[in-house]
Amino acid sequence: MLAAQLATYLAEIQLPATPEQQKQLVDFVNMLNKWNKAYNLTSVRDPQAMLIRHVMDSLVVSPYLDGRRFIDVGTGPGLPGIPLAIMNPDKEFVLLDSLGKRIRFQKQVQFELGVKNITSVESRVEAYEDEQGFDGVLSRAFASVSDMLNWCRHLPAPDGCFYALKGQLNPEELTQIPAGFVLKQVIELKVPELDEQRHLLKIVEE
């Protein structure tokens, strides 16, 4: 059932996927559902809802990623990082979270599903350092865009981009983007079977 639904949803958003990638995405949902019963990794309890609210909600961002190295800040159980890594094997993803149980789950996913382009790190964002800098800083965890930019400003490479995944847009929030940053693009996203607003904000440093 999940496999057929996934194939339909991927076709709807016109995102090509190999049979192996589709299997990995379904296996990820099944692993998340299994671990969630013991470790409470997400408030979404139903696998079909996980497929829509977690996997597809992550994958609609995929066509807009520019670059090779990305960091997913406040990734939780690996969202959006793991689905994006599965669909973009040519890109590298660092998954950052401060809770050990989430990192353990991610590492088990990496082991069982053979996702080789993710690195899971248990750390608070302000304590994490990377010498190279990232082409993209991703997050759907922050309550406000200004918090994301202030806490993550040390992470992108000089020409890197912030990707803030948001629901309904709050115009007031956009006026509170800190000095030194520019809102480059607002992209309206459509998640299959989800009757809720989704937006991707691309923000760069001046």
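Using the three backbone atoms N, Cα and C, a Cβ is placed for every residue, glycine included.
Counted within 10 Å of its Cβ, the other Cβ atoms near L79 (S-adenosyl-L-methionine binding site) come to 27, all protein chains included. According to TrEMBL, the feature S-adenosyl-L-methionine binding site maps to G74, L79, V125, E126, R140.
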Helix, strand or coil at G74 (S-adenosyl-L-methionine binding site) [DSSP, three-state]: coil
Maximal Cα-Cα distance (Å) across residues annotated as binding S-adenosyl-L-methionine, namely G74, L79, V125, E126, R140: 19
